[in-house]
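Undergrad: Before I ask anything, let me first share the structure, which is written out below as structure tokens.
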Amino acid sequence: MKIYKLQTPVNAILENIAADKSISHRFAIFSLLTQEENKAQNYLLAQDTLNTLEIIKNLGAKIEQKDSCVKIIPPKEILSPNCILDCGNSGTAMRLMIGFLAGISGFFVLSGDKYLNNRPMRRISKPLTQIGARIYGRNEANLAPLCIEGQNLKAFNYKSEISSAQVKTAMILSAFRANNVCAFSEISLSRNHSENMLKAMKAPIRVSNDGLSLEISPLKKPLKAQNIIIPNDPSSAFYFALAAIILPKSQIILKNILLNPTRIEAYKILQKMGAKLEMTITQNDFETIGEIRVESSKLNGIEVKDNIAWLIDEAPALAIAFALAKGKSSLINAKELRVKESDRIAVMVENLKLCGVEARELDDGFEIEGGCELKSSKIKSYGDHRIAMSFAILGLLCGIEIDDSDCIKTSFPNFIEILSNLGARIDY
């Protein structure tokens, strides 16, 4: 894909940002904990979340879909499928399904694409194995494909050494099948969509005031079925917020955006850098929803070291903001970036250098000198949708060619369409 420099300002109201990926995955998987029809409007129709629907279909669920309205009727009993459960590129789908299936009677095989099958799964498989799960795979069940033989699970008191909503949710799902009350805690607060959704479904889960500790009881009855409207994804919206900031005389209003406090940290970073950015809450249901208004702004350098789990998906796009800011910026305490869809630390630094930016790898982040003269270049996405979309936005300033841009479809299928509608010239 080649993106040409955009010569005109942008002034737009965007209501068609991709639906939230985290909530879409959870809606589909959590429907298996109910016994009645579940309904979601504005379900994300991207490769990752469509794969999740296919997985639960192979486990016995019936699915009706009309455009982005999805109805799921769960099976009376989870089937042991005669096929591999394909998670595609989604670490969320694989890790949550490991936790869900560990306590289900049956034999299950989870696999993904070449990128997912090289991402670490021991953070899930190890604690589950310790409570009786049988999980087999390469490198001591660290790499998919993974085989899961469902077992009766023991109660646990698990203290996670990493802040990960995927680990947390996998352990919650396994706790529902354990033989007694379970406890989970993490070192810092990760995304809390699972807790919010499960509480709305009347799950037997208690959350401490600081959100760091959970008490989960085994399920004694099916959970309440869901009927929700999924808000738009703040991580996907972030690319267009960034576009409004870096393009002269531009303004973008982003509508129906999820404003969960654990998902807007990157926007707060932009505000601290000097961005003219306002967030307004319009609705409070099981999640906080609102709009984001962004205008062209001059940015200043910044050091980012806190709440990293809350901006891990936006880090590549933040690196673009760093490159366009005045002065030096850095992101640290972000070693998790090395085990995402790509090694995002190495890949961002490599590609920024190709575009004329002074950038340096740190063990747990990167350091970027802003204000360098940009040059048009060809960059590699390494199959990482967030790398591809971040450099697509930079391409609006300097022109850019992106290798393997099809990965964008895993999370944001209409990204190119929106970019084109804003006036960008794209050879795709």
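Even glycines carry a Cβ here, placed using N, Cα and C.
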Undergrad: Swiss-Prot has K21, S22, R26, S164, Q166, D313 down as binding 3-phosphoshikimate; which of K2, K335, K340 does it also list for that site?
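TA: The one candidate that Swiss-Prot places in that 3-phosphoshikimate site: K340.
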Undergrad: Would you identify which of the binding-site residues K21, R26, K340, R344, R386 has the most other C-beta atoms lying within 10 angstroms of its C-beta?
TA: R386
Undergrad: Nearest by CA distance to D313 (3-phosphoshikimate binding site): which of the binding-site residues is it, out of G91, R119, R344?
TA: R344
Undergrad: Measure from the Cβ of S164 (3-phosphoshikimate binding site) and count the other Cβ atoms within 10 Å, all protein chains considered.
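TA: For S164 (3-phosphoshikimate binding site), the count of other Cβ atoms within 10 Å is 21.
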Undergrad: Between the Cα atoms of R26 (3-phosphoshikimate binding site) and G91 (phosphoenolpyruvate binding site), find the distance and write it as a whole number of Å.
TA: 13
Undergrad: Would you mind reading off the Cα separation of R386 (phosphoenolpyruvate binding site) from K340 (3-phosphoshikimate binding site), to the nearest angstrom?
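TA: Cα-Cα distance, R386 (phosphoenolpyruvate binding site) to K340 (3-phosphoshikimate binding site): 10 Å.
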